[in-house]
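Per TrEMBL, domain 'Helicase ATP-binding' is recorded for 51-191. If you look up TrEMBL, you'll see 1-26 marked as region 'Disordered'.
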Amino acid sequence: MPSMAKRNHNPCSTGKFSNEKQNRQTEFSAWQKIAQQRKSIPKASVEKRLIEKVQKNDISIIVGETGSGKTTQIPQFLFGAGFCHDGKVIGITHPRCVAAITVVKRVAEECGVELGQKVGYYVRFDDTTSSSTRIKYMTDGLLLRYTCNMDVWISFSVFQEALLDPYLSKYSVIIVDEAHERTVHTDVLLSLLKNVQSTRSRSVADD
């Protein structure tokens, strides 16, 4: 008489285990490949110097060639250096929606997280961020809208009067990517950030 163990044997169980093991190996290999690619990016070799630069200065200008890792690596460097303590967020603005989405997907992959967890993006009609998001990519126009709570912008003086948060207090760092392109939104955003920085400095001095 065949034993119960043989009779209840599931022929799919071994295959399922093998598939899970293979998937884990594939994911690990992909992670190793990404890690190697990150090491080859020029910005990775100056991580310590970049972090010190940001820590010691209210405003830093970083110049690098395309593909040097400015957009993808610097936010991760800052996160690793503790710039997101106490729930703070690192904000990165970009003038183009499609580029912002492409970049954030890459960063989430490098961090080994699902989109919308530690890393997310906020563009028009699409917000993947959550309460756990600490690296937040967005278009520069939407940061203006968040700051001013306005859909129609009339003049810079209106921005000043309409500010919901004059300190942008949820952000530890704001990175304005592609600032050299000088779009209208970017120029206005830089002016606004200059005022925010001055306000923050005065607040620290008063304390």
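Including glycine, each Cβ sits where the backbone N, Cα and C put it.
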For the domain 'Helicase ATP-binding' (51-191), mean pLDDT (0 to 100): 80
Per-state residue totals over the domain 'Helicase ATP-binding' (51-191) - DSSP helix, strand, coil: 62 helix, 24 strand, 55 coil
